[in-house]
Amino acid sequence: MSARAHPVDDDGEISPVERSSPRQANTPYVHKVEVPPKQNLFNEFMYTFKETFFHDDPLRHFKDQSKSKKLMLGIQSVFPVIEWGRKYNLKLFRGDLIAGLTIASLCIPQDIGYAKLASLDPKYGLYSSFVPPLVYACMGSSKDIAIGPVAVVSLLLGTLLRAEIDPNTNPNEYLRLAFTSTFFAGVTQAALGFFRLGFLIDFLSHAAVVGFMGGAAITIALQQLKGFLGINKFTKKTDIIAVLSSVISSAHHGWNWQTILISASFLIFLLISKFIGKRNKKLFWIPAIAPLVSVIISTFFVYITRADKKGVQIVKHLDKGLNPSSLRLIYFSGDYLLKGFRIGVVSGMVALTEAVAIGRTFAAMKDYQIDGNKEMVALGAMNVIGSMTSCYVSTGSFSRSAVNFMAGCQTAVSNIIMSIVVLLTLLFLTPLFKYTPNAILAAIIINAVIPLVDVNATILIFKIDKLDFVACMGAFFGVIFVSVEIGLLIAVGISFAKILLQVTRPRTAILGKIPGTSVYRNINQYPEATRIPGVLTIRVDSAIYFSNSNYVRERIQRWLTDEEEMVEAARLPRIQFLIIEMSPVTDIDTSGIHALEDLYKSLQKRDIQLVLANPGPPVINKLHVSHFADLIGHDKIFLTVAEAVDSCSPKLSDEV
Amino acid sequence: MSSRAHPVDGSPATDGGHVPMKPSPTRHKVGIPPKQNMFKDFMYTFKETFFHDDPLRDFKDQPKSKQFMLGLQSVFPVFDWGRNYTFKKFRGDLISGLTIASLCIPQDIGYAKLANLDPKYGLYSSFVPPLVYACMGSSRDIAIGPVAVVSLLLGTLLRAEIDPNTSPDEYLRLAFTATFFAGITEAALGFFRLGFLIDFLSHAAVVGFMGGAAITIALQQLKGFLGIKKFTKKTDIISVLESVFKAAHHGWNWQTILIGASFLTFLLTSKIIGKKSKKLFWVPAIAPLISVIVSTFFVYITRADKQGVQIVKHLDQGINPSSFHLIYFTGDNLAKGIRIGVVAGMVALTEAVAIGRTFAAMKDYQIDGNKEMVALGMMNVVGSMSSCYVATGSFSRSAVNFMAGCQTAVSNIIMSIVVLLTLLFLTPLFKYTPNAILAAIIINAVIPLIDIQAAILIFKVDKLDFIACIGAFFGVIFVSVEIGLLIAVSISFAKILLQVTRPRTAVLGNIPRTSVYRNIQQYPEATMVPGVLTIRVDSAIYFSNSNYVRERIQRWLHEEEEKVKAASLPRIQFLIIEMSPVTDIDTSGIHALEDLYKSLQKRDIQLILANPGPLVIGKLHLSHFADMLGQDNIYLTVADAVEACCPKLSNEV
């Protein structure tokens, strides 16, 4: 392999067609397109394995350490609390105390509402904000995430569970299936982390998540119309058609005006408080405590006026006391085991995606790193333990995490504070919620999910990437018009289809020389770039795989046919060289190599020389192993397009 | 946006001495391509996906009558090449047609049994479909008829639904229904220009799948080869071998084995002869027919059928009856027929298009894949209405067709005529043909499908391709044909996703005496610039890899900082990302870059982008990341970027 690189002197580039003879003064330096050192199969496999599963180099800290130090580092890796706990001080505690109390005031009303979303008794929502946060505080890495039930996972879990068991006719089986699902959600999450398969959740794209969350938010809000309007008979389905027809068919006699009065007025109150909190950063705590204040006032109001006797539905009895053990209630055999497993995997993955995204977001703000796989183990463990203590699936809550962050939390102790508050509530305060109207819970939930409809992000996605927008809308309408899990599948399907489409129909571009440089670029992007007579340079913007190899070959031939027509019409020199710029071709497979071979043979018959420029390490390696490099000639593979053109030009000069 | 392009003098950019005064640089902007509205973007993508071969090119600047003629010729290519037909061409087509007919007649009888259909349906399927294809198809070399793999696949899928022994009529009807919908599938794919979908079956997956199918077919033939009566219905190797050994004591018929083994030896010998001398290509082509004639005569003379040798028995005389009324258009069997038809149609299509392309490349003409699909679809639709089952291109017969000197699709017409004459007059002669000879012919025909050379080459070139190949192979052998197919497709897709999910990144260095920056692992002489870290990302940046790319870059940076500190070199102040392989970016990718930028800001390291492509720079502007980063931190080349960093470093010294 050889290429001639001419030094460009200060007088600027001499036009190739004007060069009368090669300059004798400088002996050209020959650059080879190097084949990287041959690595044996085992080394290659280990490299790929390491990059896929250990790309964050988790064992870095263990180097050059004593045995006892290594043991300590290992324990700290599993239980980060042992590390940050040693540096804990009163100043940190003050921030955590304030933050913990704040998110507790937010989570208690949300927990009661979200549990109803999952068709579970409200107490299970409170249980799920007591145990999991304690486990996470010991094992998790994020300093800012607030753990507990969240709207979307509650909706998803409720939908999937109700598809299997009717919670009204079989409440015990329903509850057991919920715990079973939570158990397997935890096992799934922990297994993904332990086996370092965390990259699987990267397959849910940001755009798909935005669409899915928006659709889920609207679905949840529509579900709340039952409580908001005081409707007794309501559809079990989640799609918008069924919900709206249920609402409209109840319009004449089913709506309760007292309920509407309560829910509408408090929703307005909540929205105003949120607006106030947004206008003034100092007053962030107002929207944080507004839900609890609403619950207190509305409960008192209902109690005073006895509105529950006039059709206003209330929470009724809330059991006092700590979480009972639910280990014996988990199904470990029979049909419900499989159902629980399936529901657990789906809800576990969604919960994981949400929590890891939240952890990463706030870690980026405070500039520390989150080990995704370690996070998964922590989240999995907390759900496994939760399933044994009457909890349902918990994960990170974005709204409460944001409040946690703004309240000045320092460590995961804020989760511990929150747990203690929930504990005290469970022990002493639950009777007070008896007269809480369902309407206020509906208002709180609607208020909580409105931010999930991220219109600004959607608009930005539309501007930047139309295919991402299609994925976003596919998820959104899938959730709204079909069901939550179908929407999720549509989101993932479109995201994968986008990758496959990009790879299947890669862009190709004709390159021209930018005047005054030795740089060749897309003539569409750089209108001043000029073509070299007799030479056609094409860049292929993708790896060449089985799914696009035929297209790439045919597209190149089409470019060539078009160029030949133009050249003939303009009486320019005949095209003698086809240069393919290979820098974006990051990989090639056997189908791709066959396509290049076919292209080479086809060009030979037309007396056009195929030249390759700048193949990368995997490509040049495979071209050699497959002997295509020998077929085309080693002297036809160049380091840069400029060198390739320089090599072709003297031949053209000879013809002039 | 601006960048400085310095003429490169004789000294390398890493010269540590005094920086000489340079002439006034020409400023080049990283261009944003002209803004196209959404409709044009959509039309471009639509056109490139479905019409990338520009089928309407020939219609430009033509009068109406000419356009009409071109349209007609597009649907029926026979009107195009038919006008140029000569007697000289006919001679070549006649010879090749007769040759492939002698090959297809015994194969047809055998393949029909592979699909659990009466042998006559194999002959029917070599009569009608080739005639339809000759009118509508573009390939001059492909030989149309039943083929081993599709017959096996069809038989397997049909038997999973209906037992051909207990319900032969329903089985037959389902076969015609499946053929009908195979044709519909193929024609629809072509008509709606969805031909690119079959590109999703990679070459490696096909090699593995075909090899596995060949072994499965050969094992199936042990029934006929050894004369076993009770044989498993399953296709996996465990069941087959179990069935064979269970029958070993009393089930094997030595007369059958004698016939099968001797004629298989004869066929293999003739194939070796044909391979040694190109002139004698016709020897392996006519060997199957000779084998049938000789073995039939032998059995007839010796009455071996009374001694346990199984024979074909009665073959109906006469032309294809209509089967239109037998196709299911309602009920459960309709859905089954559609499902089986789609799978069989896709596999048949893949094989035919691959064959068409192979021989078109040899003779240097182009095949329009989508048009081919319409032709193949139509021939199967018409075939399903005239008692045929799924036909497609046969590689072995196409190769013989090619070597025999065929000129046009008339060779298919000649073959059809020969089959027609056979159906009308010669079918009674096959009564005493032993099943063993059909087994031998089929084994002989499928051996070339086990392409060991290709598998070895795949292993050397691409290990992931090899995994797809082997996954398909063992899937077909140990599980079932359709599962093997699914495994092949899944591994192929997983390979793409893996490549995209874990892209390579590389640290770049300057190659001495040039302004070129390349992978320091590939070019050991490339040197790194103090204070600057240059990384190239070898993939588009999508949601599935954006987190990985960001973390990997940060890890590179961390490692370099450790090296720099250990060697007491200048602190890294600039991180340059070479973007030429980043052919696209989505919103997740842009978020990752934003996070990277913020993280670097906190460490007082400037992020610089070099050579973003048109799509990427367009999106960076729309998302305002280009503004956040600063337009002056986006350069045309890595060399420009490094040049821009040097003066700042010089100022600090």
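Backbone N, Cα and C define each Cβ position, glycine as well.
Here Swiss-Prot flags B:522-645 as domain 'STAS', drawing on sequence analysis. Residue counts for the domain 'STAS' (B:522-645) under DSSP, helix first, then strand, then coil, are 62 helix, 21 strand, 41 coil.
Annotated region 'Disordered' per Swiss-Prot: B:1-30, in sequence order.
Residues or ranges marked as topological domain 'Cytoplasmic' in Swiss-Prot: B:1-91 (among others). Mean model confidence for the topological domain 'Cytoplasmic' (B:1-91) is a pLDDT of 60.
Among the features that Swiss-Prot reports, topological domain 'Extracellular' is placed at B:113-116 (among others), with the record citing sequence analysis. Outside the topological domain 'Extracellular' (B:113-116), and at least 6 residues removed from its termini, the chain residues within Cβ reach (under 8 Å) are 122, 146, 148, 151-152, 154-155, 158-159, 164, 171, 175, 217, 220, 224, 389, 435, 438, 442.
Per Swiss-Prot, topological domain 'Cytoplasmic' is recorded for B:138-141 (among others).
For the topological domain 'Extracellular' (B:163-173), the list of distant contacts is 116-117, 326-328, 333: same-chain residues at least six beyond its ends, Cβ to Cβ under 8 Å. According to Swiss-Prot, the feature topological domain 'Extracellular' maps to B:163-173 (among others), an assignment based on sequence analysis.
Cβ atoms under 8 Å from those of the topological domain 'Extracellular' (B:216-253) belong to residues 113-114, 148-149, 152, 156, 159, 260-261, 264, 308-310, 435-436, 438-440, 442-443, 446-447, 476-481 of the same chain, restricted to positions at least 6 beyond its ends. Feature annotation from Swiss-Prot assigns topological domain 'Extracellular' to B:216-253 (among others).
Among the features that Swiss-Prot reports, topological domain 'Cytoplasmic' is placed at B:275-280 (among others), with the record citing sequence analysis.
For B:302-339 (among others), the entry in Swiss-Prot reads topological domain 'Extracellular'.
Annotated topological domain 'Cytoplasmic' per Swiss-Prot: B:361-372 (among others), in sequence order.
Tertiary neighbourhood of the topological domain 'Extracellular' (B:394-409): same-chain residues 78, 81, 85, 89-90, 92-93, 95-97, 99-100, 103-104, 107, 133-134, 137, 139-147, 278, 281-282, 285, 351, 355, 359, 362, 445, 448-449, selected by CB-CB distance under 8 Å and a gap of 6+ residues from either end. Sequence annotations record features per position, and here Swiss-Prot assigns topological domain 'Extracellular' to B:394-409 (among others) based on sequence analysis.
The topological domain 'Cytoplasmic' annotation in Swiss-Prot covers B:431-438 (among others), and the record cites sequence analysis as its basis. Helix, strand and coil counts under DSSP for the topological domain 'Cytoplasmic' (B:431-438) come to 4 helix, 1 strand, 3 coil.
According to Swiss-Prot, the feature topological domain 'Extracellular' maps to B:460-466 (among others), an assignment based on sequence analysis. When Cβ-Cβ distances below 8 Å are used as the criterion, the topological domain 'Extracellular' (B:460-466) is approached by residues 202-204, 495, 498 of the same chain, each at least six residues removed from its ends.
As annotated by Swiss-Prot, topological domain 'Cytoplasmic' applies to B:488-653 (among others), with the evidence given as sequence analysis.
The feature transmembrane segment is assigned by Swiss-Prot to B:92-112 (among others), with sequence analysis given as support.
Taken from Swiss-Prot, the feature transmembrane segment applies to B:117-137 (among others). Panel annotation: around the transmembrane segment (B:117-137), residues 75-78, 104-105, 107-111, 143-146, 155, 164, 172, 175, 312, 315-316, 319-320, 372, 374-376, 378-380, 382-383, 386-391, 409-410, 412-413, 415-416, 419-420, 422-423, 427, 430 of the same chain, lying at least six beyond its termini, place a Cβ under 8 Å from a Cβ of the stretch.
Long-range contacts of the transmembrane segment (B:410-430) within its own chain (CB-CB distance under 8 A, at least 6 residues past either end) are made by residues 85, 89-90, 93-94, 96-98, 100-101, 104-105, 108-109, 119-120, 123-124, 126-128, 130-131, 133-134, 142-145, 292, 296, 312, 315-320, 401, 404. A contact between the transmembrane segment (B:281-301) and the transmembrane segment (B:439-459) is present, since 3 or more of their C-beta pairs, 6 or more residues apart, lie under 8 Å. According to DSSP, the topological domain 'Extracellular' (B:113-116) comprises 2 helix, 0 strand, 2 coil. Ranked by the number of CB pairs under 8 Å to the transmembrane segment (B:195-215), the listed stretches B:92-112, B:254-274, B:340-360, B:439-459, B:467-487 are led by B:467-487. The transmembrane segment (B:439-459) and the transmembrane segment (B:92-112) are in contact, since at least 3 Cβ pairs between them lie under 8 Å (pairs 6 or more apart in sequence).
If you look at the transmembrane segment (B:92-112), the same-chain residues 6 or more away from its ends with a CB under 8 A from one of its CBs are 118-123, 125-126, 143, 145-148, 151, 282, 285-286, 288-289, 291-292, 312, 315, 389, 394, 396-397, 400-402, 404-408, 410-415, 417-419, 422, 430, 433, 437-439, 441-442, 445. Long-range contacts of the topological domain 'Cytoplasmic' (B:138-141) within its own chain (CB-CB distance under 8 A, at least 6 residues past either end) are made by residues 77, 81, 355-356, 359-360, 362-363, 365, 367-368, 371-372, 375, 393, 398, 401-402, 406-409.
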